[in-house]
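K.L.:
Please read through the structure below; I'll follow up with questions.
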Amino acid sequence: MGHLPRGTLGGRRLLPLLGLFVLLKIVTTFHVAVQDDNNIVVSLEASDIVSPASVYVVRVAGESKNYFFEFEEFNSTLPPPVVFKATYHGLYYIITLVVVNGNVVTKPSRSITVLTKPLPVTSVSIYDYKPSPETGVLFEIHYPEKYNVFSRVNISYWEGRDFRTMLYKDFFKGKTVFNHWLPGLCYSNITFQLVSEATFNKSTLVEYSGVSHEPKQHRTAPYPPRNISVRFVNLNKNNWEEPSGSFPEDSFIKPPQDSIGRDRRFHFPEETPETPPSNVSSGSPPSNVSSAWPDPNSTDYESTSQPFWWDSASAAPENEEDFVSALPADYDTETTLDRTEKPTADPFSAFPVQMTLSWLPPKPPTAFDGFNILIEREENFTDYLTVDEEAHEFVAELKEPGKYKLSVTTFSSSGACETRKSQSAKSLSFYISPTGEWIEELTEKPQHVSVHVLSSTTALMSWTSSQENYNSTIVSVVSLTCQKQKESQRLEKQYCTQVNSSKPVIENLVPGAQYQVVMYLRKGPLIGPPSDPVTFAIVPTGIKDLMLYPLGPTAVVLSWTRPILGVFRKYVVEMFYFNPTTMTSEWTTYYEIAATVSLTASVRIASLLPAWYYNFRVTMVTWGDPELSCCDSSTISFITAPVAPEITSVEYFNSLLYISWTYGDATTDLSHSRMLHWMVVAEGRKKIKKSVTRNVMTAILSLPPGDIYNLSVTACTERGSNTSLPRLVKLEPAPPKSLFAVNKTQTSVTLLWVEEGVADFFEVFCQQLGSGHNGKLQEPVAVSSHVVTISSLLPATAYNCSVTSFSHDTPSVPTFIAVSTMVTEVNPNVVVISVLAILSTLLIGLLLVTLVILRKKHLQMARECGAGTFVNFASLEREGKLPYSWRRSVFALLTLLPSCLWTDYLLAFYINPWSKNGLKKRKLTNPVQLDDFDSYIKDMAKDSDYKFSLQFEELKLIGLDIPHFAADLPLNRCKNRYTNILPYDFSRVRLVSMNEEEGADYINANYIPGYNSPQEYIATQGPLPETRNDFWKMVLQQKSHIIVMLTQCNEKRRVKCDHYWPFTEEPIAYGDITVEMVSEEEEEDWASRHFRINYADEAQDVMHFNYTAWPDHGVPPANAAESILQFVFTVRQQAAKSKGPMIIHCSAGVGRTGTFIALDRLLQHIRDHEFVDILGLVSEMRSYRMSMVQTEEQYIFIHQCVQLMWLRKKQQFCISDVIYENVSKS
């Protein structure tokens, strides 16, 4: 006997078994048996032997693999059997015998199928089937699961005297339910066997496991009795005799001798009353009493619950003493009982009361052996009686008043099982008054109970009921939130324990608390069942006095107070902001704070983004389920302060200070922050401020040299700022400029110079020329003015004089001048006249020779003078005006300088070389027919635009004598961007202001006449940070709906205009005016924005057109003429739809502004006329605001645009159809 796996039999002639079933010869038989220990025994019979030389092999199949066994070699006797230890119990195996004779394998003689026996059930549990314990049971069996196979379970038991058995397969996890047993019957000797089944060759094998568990027994519950009813009869006490019976003499119930008095029967309200038997007399029962005796064949049955009035805990589940079982002291029997008799002198004269209890047998086919009767009175006395199965009535006498409870149950006791009672039928509860009257049980609970919250402290209950035999209600209220709070932190006291009231209004509630209310109906001392509990909550009132205290750029402290009356679980602190990571704005919870008894609370919120807009909200969340919170209106908004910038570099050259700084780190987001701009401040003897847009972190300041400046950069938001650490910069003093020697005499000379920057004093030193070391040295003279007279000089002597500026004890580089004193004998007047004559002759000759050669250079110098080269020599006067002789000498010198300089010098000294009374207001004109315009342009452009230059020089003389006193007021000087671009008084725009101070109505702006109106335009400078509020005030007061901006805020590292509008769509207040950017559209060369400005209850829409491709002091490129004309036409189309003057500005409000106005007027003029007068147009504009069309280049550009307008008009006959159509930008 041995176990031979496949693939190991080649040496023993078993290799052919694996695949060589070639030759079929002999058919044999063999024997297979299965033992109890799960061994399969295979033995050979004598008839199986073919030849002793043959090999006999057994194949076992059934498990996951096949097993092969070879019989031992034998001669005369049969070999011992082959034994296979089966792994599985309850599994079928196929046994095959194979004979190998040489290399020939016979066909298997036959295959025998055997089935092993499954392992038995080890334990059994039997339970009631809770939905139906009368007919149903739950079986739970336990058995070995590993290697145990079965298909069904055989259940055997004795049903009374009958034996039952059945095969059952609906077991799930070892459990199944029987729901067809008989009620009240004893089932015994219950056993379970596992059954294995197999089908092979149309034959079925079945094996049963043994029974190893203890046999079980179980009795089903009997059904309860039906149609229980009770009758009451008041007995005449004088006629009553002591009957014989089993009741004690002092019992509170006694069996009656006869029935005298009124007969009353009480039924379950849900059951149908039965017809009384003929031998029972009935009185006149009330409406809920039936005279019918129950039908013995009735099968009506209803399972009911225990009464609610008897156990006071049902009315007061948390406090059993809340409801008193005894009759209340103020109980009035005349008003509370349905039927009442006047009490006699003896309150117990109506006793004893005879009670007759009747019932019907339980629903068939219930097996039962009798009935149990339970009589209770006020939990003090209990009688438990048993009657046999034939009894259907029980009579007793009640000797005392009180609350009674009756119940009748069925019991079953026959058989070997334990005695079992039925579930209790609905108990009968009633009250017997001292007068013998009875009150039936209240069985209905209040329906549709609801609570309506009237206020934060009161609520009103409502309900419905079909019963009308109750006279009051009980409202039981308990707080569900009180017990959730720690006693030390408890915020409510009133309803922490159950409180009962007879009023429907619930008072003294606390906001934020959650309550549960139960209602009972009450009649006399009887209390009905409780209603379904109703839960309601009072919304919290929310916090108040929410305050915010900033702690720097990234942290704030929120503090608030809670209402005195209120209960809640926690505070929830939320914040709303734009998240630059997710690019979304949403409310997020930052922190939760547990509720405390403290009236105040605070929280520190950190890790905020600097210069960011936040909304904070604090809500109170209740304990209830679901949670309630209040209130979303408890919010506060705040813009965090920016972080302090850090100045990284400061460089000074060419009289300009270059400052650079950094802000935050690489992750700092400026594009979505509330950063408005930077304020760069240089504070020395003069404080200089400059506003820089937030996207630029460099600034250029023109600082007077010679001073020590405290530099700082301030990051500004709408509500706060943060300043960098200061940086001290000391600028070396500059040498005096324009040093002149005037009013020379034989022994003295007067030196005159211009101060450059800041100087504490000047040191003047004169040394005689050619004296060598023996010359007399003059002592240095320290002066604080710009004029000094050096005396004690030698006549007719040459001196080298120097003037050095001193500032903060630091000297500048000296400025030198060579002077000579007058000769004693010579008349000074003759010398002066001679010198002037020689100088005049030389000057005239020089001008004639170099006029053509230096023309371009002269014009370039004029342009380089710019707006910032004006020097007011009037400041040189310290004590009155300069002497006339000085002024003449200065004039003679200044005529050598370019006209842009000396005209300002002359005006500064009030010197007019052309006229004693000055130039009057002039009107120039030069009309040109458009048909001749091309040839006119060619003629004007000859010799490097020489004739254009002559015309433009004449334009410079316009308006020199027009006053601008308002602009020169000290209060208004800071409102001017450039000191030499000032508005004329007669045409300036005056602001309406409640402030009557001088200069309150001033803004650097002038009315300019147009093609349609004498005040069609307002030309103004680009707003300064100090004047942006006045700018918006002008827009609102002038009812302007169009603003044209012809500059960028920063050009060539210089600030040209303040960013006077909001960066984002968030409204910003400029003084009393709020500006909101509704929309913004970007084109290739310009941007258009829609603003809405609000003041009080007034709103005004404004369109803002910003042309960004126009260089300062210049003109757009030649190929951009189409673009600028398209822009002008776009603005004109919008202007046609609105009223009020158009506001036009660039930086100074004269160059690009004048060019735009000229093009807009000419565009309208050419549409209706065949000539133009550009010279007259510019002359007229300059008579309303100085320097309109500021450069000659701009003046020529206007002519080029007119040439293009006329060309398009000639080509298309309608200029607007072609040149101004909206073309897409590539």
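Please read every residue number as a count from 1 along the shown chain.
Cβ atoms here come from the backbone N, Cα and C positions, even for glycine.
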K.L.:
Here are some residues: N279, N722. Which is flagged as N-linked glycosylation site in Swiss-Prot?
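P.N.:
Record says N279.
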K.L.:
From N201, N380, N743, N1222, pick the one Swiss-Prot annotates as N-linked glycosylation site?
P.N.:
N743
K.L.:
Among the residues N189, N227, N1106, which does Swiss-Prot list with the feature N-linked glycosylation site?
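P.N.:
Annotated as N-linked glycosylation site in Swiss-Prot: N227.
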K.L.:
Can you check which of Y663, Y936, Y1220 Swiss-Prot annotates as phosphotyrosine?
P.N.:
Y1220
K.L.:
Could you tally the C-beta atoms, other than its own, that fall within 10 angstroms of the C-beta of S1147 (substrate binding site)?
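P.N.:
Other Cβ atoms found within 10 Å: 25.
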K.L.:
Which entry in the list of binding-site residues, G1149, G1151, has its Cβ near the fewest other Cβ atoms, using 10 Å as the limit?
P.N.:
G1151
K.L.:
Around the C-beta of Q1190 (substrate binding site), how many further C-beta atoms are within 10 angstroms, looking at every protein chain?
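P.N.:
Here the count is 25.
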K.L.:
How would DSSP class G1151 (substrate binding site) in three states?
P.N.:
helix
